[in-house]
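Engineer: This is the structure I want to talk about, given as structure tokens.
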């Protein structure tokens, strides 16, 4: 892609998100979401592959549906209550429609069906933008409207997302679909704690972004999109295979890695809020996710040379990819647990 066009598209992505962050009026927030959607679509379709075009079309239809619903709900709220302010959402029908539309935007269950299909049709870097940056603007709106939403609805969305994110990834062989289900499960963790401690939601979102970045950038470095090509990673680059396995375990939430911190804090907060059953279900759902991450680690680090693979081992070429973002995101994805007390001070 032409670098000037790429620069315009990436700056438009930044502009759309910033506009939604800065807005207190529904129309301005909606405009930011639309700029975001329109800016990423050329990036998604840039390879002119039928799957990429199909993924772009699916993404456009779901995002346009969500945006239209947000516009309709905010207009309904303004009509009945005379209020365009984001934080003053008071009409019950409007609040339910808004949270449904925002759940569709970020791929929360049961509005998650587009997410694995769309991610599967994209290259890894565009998939990374879709899994991280594109979540920020809708999440900013969800955090602002959360106090007006029925707590039962938020809890149901969170529980359903973690369970479906865990179940859906079990039978997958495509890494992008696995990461899509992982994203759905993580979104569930963030949504369920939102009504009690919004700061924990933001901590979970931050750690999720770094862990997912580490996962996508390592897969890009290893030129891998399927589980059976992961088996050749060890012979090419043992250190990369080791850090990738640890990044996947961090996504699964194993101590002493960064991914354990948000899960631990969220379960602790839910126990404090007298919700032991919900906390137990969430912890068990995390085990489902952990199983498919362990599958990836097994394929990558334990099935070396005697094992048979039908794949040709790619020749070890010098990569043109810059390794600094990968190094930074991997270090953050693996080593933040010791500074949990410092991060906890942000939530009090």
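Every residue gets a Cβ built from N, Cα and C, even glycine.
Just so you know, TrEMBL annotations are computer predictions that nobody has curated.
Model, not experiment: these values are computed from the prediction.
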Engineer: If TrEMBL is the reference, give me the range from 125-143, 220-238, 239-257 marked as transmembrane segment.
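Structural biologist: It is 239-257 that TrEMBL describes as transmembrane segment.
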Engineer: Where, among 93-113, 277-294, 324-344, do we find the most CB pairs under 8 A to the transmembrane segment (152-171)?
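Structural biologist: Highest pair count goes to 277-294.
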